[in-house]
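Asks: Have a look at this one.
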Amino acid sequence: MSKIIGIDLGTTNSAVAVLEGTESKIIANPEGNRTTPSVVSFKNGEIIVGDAAKRQAVTNPDTVISIKSKMGTSEKVSANGKEYTPQEISAMILQYLKGYAEDYLGEKVTKAVITVPAYFNDAQRQATKDAGKIAGLEVXRIVNEPTAAALAYGLDKTDKEEKXXVFDLGGGTFDVSILELGDGVFDVLSTAGDNKLGGDDFDQKIIDHLVAEFKKENGIDLSTDKMAMQRLKDAAEKAKKDLSGVTSTQISLPFITAGEAGPLHLEMTLTRAKFDDLTRDLVERTKVPVRQALSDAGLSLSEIDEVILVGGSTRIPAVVEAVKAETGKEPNKSVNPDEVVAMGAAIQGGVITGDVKDVVLLDVTPLSLGIETMGGVFTKLIDRNTTIPTSKSQVFSTAADNQPAVDIHVLQGERPMAADNKTLGRFQLTDIPAAPRGIPQIEVTFDIDKNGIVSVKAKDLGTQKEQTIVIQSNSGLTDEEIDRMMKDAEANAEADKKRKEEVDLRNEVDQAIFATEKTIKETEGKGFDAERDAAQAALDDLKKAQEDNNLDDMKAKLEALNEKAQGLAVKLYEQAAAAQQAQEGAEGAQATGNAGDDVVDGEFTEK
């Protein structure tokens, strides 16, 4: 069975890992980095992903960042003169991760385990699965990020029972999960979180502060200048990271804008104390889900054995202090917060392929599921933190006499009224026989699969007629749309491959021309004119093909030049070797002669 890669598709950064033997290994990207920025940019028809895309974000307006925050919505992004769904942009990131994983493994990758925040709703999970499909990946499992982290943390501790709180603060989302680990079973007891809280919000606090201070000093509002704002974002992210290690950092942005008197520069010192003050409300927001998760798990703080930090934003000192204060425990720092989620996903991939034995993952649904009933009430069928996969049925009836159909309004959330919760979908059960209200028996069944994706069935117990839907939110893609996007993604991948081959060929041609010209110059007057003339003719042919920009001709002429240049190089080598041999022979003869000169006659006297 081929490898199933593990992917942490993050808001700010993404990572990919694979199981090698019993060890989960992060795969470095082509630039040698173990995480890849979740950034996509478009330039001259080319799709650029990762570090290269992030580097040009300041100057390229066709750059998309933090697309994960839009997953599960109908919102689209405009770039490259087109509109893209969040699934399509995410697929470009996944395709890039898949590509360099294939280069590392030396084989095609078709399956992946992809992680999502524990608090992702059904629409967001479905969107993630669709993104995988567009990227040419079969998503064998969607795993909650804190659960994946626990898998990576706890794999070597499966013989020891313990309860762990996973505190996961990423670039755009925040989750807390309480798990019980023991005998190879990873049992999620509860999860809570905030899908609108992450490192991006901490960056934004710094940006807002810089904009306000600059306006106060210079009377210019930088928030209306797109390029200045991108530079501020980069500077804010760097300052945030710096302040995890030092107590003060200098923010210097020369030529940030121009005033009446000429160019203006932004120079500011940001202390950790000021940063803590700016972000105090964000840190406070992390405390409520911790309490909620503990309460839902029915545990007290003293029953938690380990607190595991996940996500780059957990490096912020104020966040670490808040975790200590809230849990009364020193967080466990034995795992890399940027890499542990992808590593856990790869372990789950190993569980699926059978490479990892005796490990069972029991995850939960993060939000309650139910339907709207009479009076706009939200009636729950499955409570939050129910272990998945699961199925639950309940019988309802009609609200009016001779009602021919019932509308099933499927919802997810915790509020008592339907209007205050998230609509997952609607469908209708028709052809109900005429009867007084309350008589027809309509059985509604909810199914949640191992990926947390919901399907709902309504059945008239009188006629046995039933209607089933897999939930498609208003952001959901049809099979036709996914197929079209898959074809686009494949076409782009092929175009990117051809473009890379073209660049590699041009580089080879330049290198060959340079090397051959050097060799021809070095061999001047050394007696092998025939080889030099042949190499020069091949060199001229290649230069002509390069001028004509004929790729096929360049390829053929490059091969011809390499052959002629090799012949010339062999002659040069043979001549150098012969000269070396002659020199060694002469030195040997001289040494022998000198040895004779050094002989001294000695007198021997007998005693």
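Backbone N, Cα and C atoms are what each Cβ position is placed from, and that goes for glycine too.
Quantities reported herein were computed from a predicted structural model and do not represent experimental measurements.
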Asks: Looking at 28-56, 579-607, I want to know which stretch Swiss-Prot calls region 'Disordered'.
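Replies: Region 'Disordered', as annotated by Swiss-Prot, spans 579-607.
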Asks: By the DSSP assignment reduced to helix, strand and coil, which category contains THR173 (phosphothreonine)?
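Replies: SS state of THR173 (phosphothreonine) = coil.
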Asks: How many other Cβ atoms sit within 10 Å of the Cβ of THR173 (phosphothreonine)?
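Replies: Step by step: centre on the Cβ of THR173 (phosphothreonine), count other Cβ atoms within 10 Å, giving 28.
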